[in-house]
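Residues or ranges marked as domain 'B box-type' by TrEMBL: 37-73. Among the features that TrEMBL reports, coiled coil is placed at 74-101. For 239-343, the entry in TrEMBL reads repeat 'Filamin'. The repeat 'NHL' feature in TrEMBL is assigned to 396-439, 443-486, 487-528, 532-575, 579-622, 623-666.
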Amino acid sequence: MDSYWDVLQRDPECSRPEAYSVLESVNAATAGIPLCCPNHEGKGMEFYCESCETAMCLECTEGEHREHVTVPLRDVLEQHKTQLKTQLDAIRNRLPQLTAAIELVGEISKQLTERKNEAVTEISSTFEELERALQLRKTVLINDLENIYSAKQKVLQAQLSSLLQGRERIQSSCSFTEQALDRGSATEVLLVQKQMSERVSAMARHDFPLRPHQNAHLDCQVETEGLRRSIQNLGVIITTAAVGHTSVATGEGLRHAGTGQRVSVTVTTKDKDSELVRTGNASLKAEITAVADGSRVGTEPDVTDNKNGTYEVGYTLRSEGEFSFALSLYGQPVRGSPFRLRAVKPSDVPSPDDVKRRVKSPGGTVAHIRQKAVRRPSSMYSTTKKKENPIEDELIHRVGTRGREKGEFTNLQGISASSNGRVVVADSNNQCIQVFSNDGQFKMRFGVRGRSPGQLQRPTGVTVDMNGDIIVADYDNRWVSIFSSDGKFKNKIGAGRLLGPKGVAVDRNGHIIAVDNKACCVFIFQSNGKLVTKFGSRGTSERQFAGPHFVAVNNKNEIVVTDFHNHSVKVYSADGEFLFKFGSHGEGNGQFNAPTGVAVDTNGNIIVADWGNSRIQVFDSAGSFLSYINTSADPLYGPQGLALTSDGHVAVADSGNHCFKIYRYLQ
């Protein structure tokens with residue numbers, strides 16, 4: 001067993017010089033040697049200074065400690081021994097925890113080694129099998145080559161033999177006839193003339209195979225490029241860094257469910273540092289048991305891997321009652337698991353409006369995890385519907401550079417998309433509107449700089465109505481211009497009312513909604529320019545704004561506005577009644593540093609461009625944070641407008657990079 005000296009020597013605190021006198025005192029005490037005062041030689045330390053928490057001799061009490069309260073050492077000995085015993089008991093009580101943790105981590109380490117060895121064996125056997133298959137294919141190819149070669153060679157050799165025989169016969173006949181003519185007597189010539197004449201005539205008429213009966217074409221074509229690529233990508237090591245105690249589960253299905261109705265919850269996996277894991281394949285298991293008797297429910301919950309670090313756990317409860325809902329990741333409980341779940345009649349399940357009211361405050365109930373702007377996880381969706389083919393979001397197109405030519409931008413702002421596959425961009429400092437296809441191909445541009453109707457001075461927001469007309473918010477001209485789909489000016493509205501329009505949208509009634517950034521309010525016009533209503537003013541309350549930017553309309557015809565300087569998103573009814581808001585100032589999940597562009601997908605999820613944090617966040621219809629869109633491959637710099645293209649992708653005006661980008665986003 002280690003001595004006190006050994007134990008204390010390992011303590012970092014004992015590396016300080018002043019600690020050595022204490023160590024020496026302890027060593028002396030354990031050896032039965034009376035402790036002497038280090039300041040007064042030969043004097044025993046019989047007193048204790050409570051202020052300095054140190055032992056001393058009588059002379060010390062009359063010297064530097066004379067102003068302090070000192071007591072006999074024996075009087076405080078029992079008190080300190082009791083305190084030490086209490087502290088000792090406290091740390092000793094942690095030993096079982098440490099032992100259990102050591103066993104658990106050791107077992108996981110052992111399992112990891114076993115899995116590694118199994119994987120090595122599997123890799124080796126797989127590649128050995130592939131090598132055998134390659135060798136077999138090599139043998140087959142060579143055999144085929146030999147067979148074809150033999151067949152072709154047989155034809156050529158037969159022809160060659162026939163030709164050689166013909167040549168030999170002709171040469172023989174020629175030689176014999178020439179000898180007879182040169183050397184033979186008249187009688188001899190006459191005797192062989194008829195025979196040789198017939199023979200020579202036959203040779204002259206004979207049809208020799210003069211044209212080749214075969215060719216020399218015999219190549220081996222082995223397409224290796226595709227195979228090489230396949231080999232380079234052959235096999236993948238599947239693992240995650242996800243751990244249970246930091247991973248979280250969200251959704252109303254954790255707390256209550258309607259009997260007979262399918263309910264789902266979302267599990268978001270995280271690593272030991274609470275960073276979001278962006279890959280799937282984790283081992284997630286779910287179990288629901290009755291609280292009363294511990295029996296399992298009839299139907300096991302099903303787990304859907306979204307392949308982006310999130311998982312959907314769906315279940316259906318047939319009977320009412322209290323249940324325990326356990327979620328485990330690699331055998332370890334997810335944070336908060338097991339959850340207490342109550343199954344009630346469908347009519348007693350809280351309505352979506354109840355959920356909205358719970359998340360109205362900016363703080364909300366979302367767990368805020370700080371996340372750097374350039375390192376974002378992929379998008380995932382959290383609705384009560386089963387997800388359909390969710391995949392990792394990624395950059396599809398980057399379109400444009402800084403400049404003044406077609407397809408170039410200078411401070412692009414708003415962006416919109418039409419139902420016929422067009423992306424429309426407000427090129428603010430170039431005073432024009434540019435139109436592209438969904439795949440980024442330039443189609444046209446229009447706009448003349450000026451302050452007359454039909455001209456553009458500072459286009460900021462843009463949208464496309466159901467007729468295909470392009471509606472442009474012109475900040476400096478203080479009106480909204482309406483152009484046909486081919487860029488011909490039709491009308492202007494809001495002149496004399498608007499002070500600085502920024503974002504613009506069209507609702508399901510065909511009304512034009514304009515966000516007045518300067519006046520801090522929202523105008524709703526009919527398409528002919530007649531004012532329907534106006535709401536908002538400068539301030540921080542629910543119906544007030546501080547530099548509102550862009551606007552979108554959801555499938556309930558509700559108006560969603562980004563409140564730039566209030567770092568929030570506010571949702572209103574079609575006639576301007578406040579419903580709820582979400583977001584607060586910060587860098588965490590669900591927080592904003594000046595939100596700008598906004599769009600709503602077909603499921604009601606709200607997508608927001610977070611300008612100051614240079615990222616795009618995704619929320620559900622009630623404003624609860626879901627995820628980020630993965631923009632890390634080509635980071636954003638001050639994103640502005642945001643739109644959903646007709647093929648379901650996210651288009652964002654990357655203003656600081658003078659381009660727009662399209663990201664994959666399947667709903």
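The backbone N, Cα and C atoms fix where each Cβ goes, glycine too.
Source: prediction; values computed, not measured.
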Inset, instruction - Give residue numbers and ranges for long-range contacts of the repeat 'NHL' (487-528): same chain, 6 or more residues beyond its ends, CB-CB under 8 A. - result: 413-414, 433, 435, 444-447, 453-454, 460-466, 469-475, 478-481, 534-539, 544-553, 557, 559, 561-562, 564, 572, 574, 576, 598, 641
Inset, instruction - Over the repeat 'NHL' (487-528), work out the mean pLDDT and round it to an integer. - result: 93
Inset, instruction - State the non-local partners of the repeat 'NHL' (396-439) in its own chain: residues 6+ outside its ends, Cβ under 8 Å from one of its Cβ atoms. - result: 445-449, 456-464, 466, 468, 470, 472-473, 475, 483, 485, 487, 502-504, 550, 597, 634, 640-647, 649, 651-653, 655, 658-664
Legend entry - Secondary structure content, the repeat 'NHL' (532-575) (per DSSP, counts of residues): 0 helix, 24 strand, 20 coil
Legend entry - Distal contacts, the coiled coil (74-101) - CB-CB under 8 A, six or more residues away: 46, 48, 50
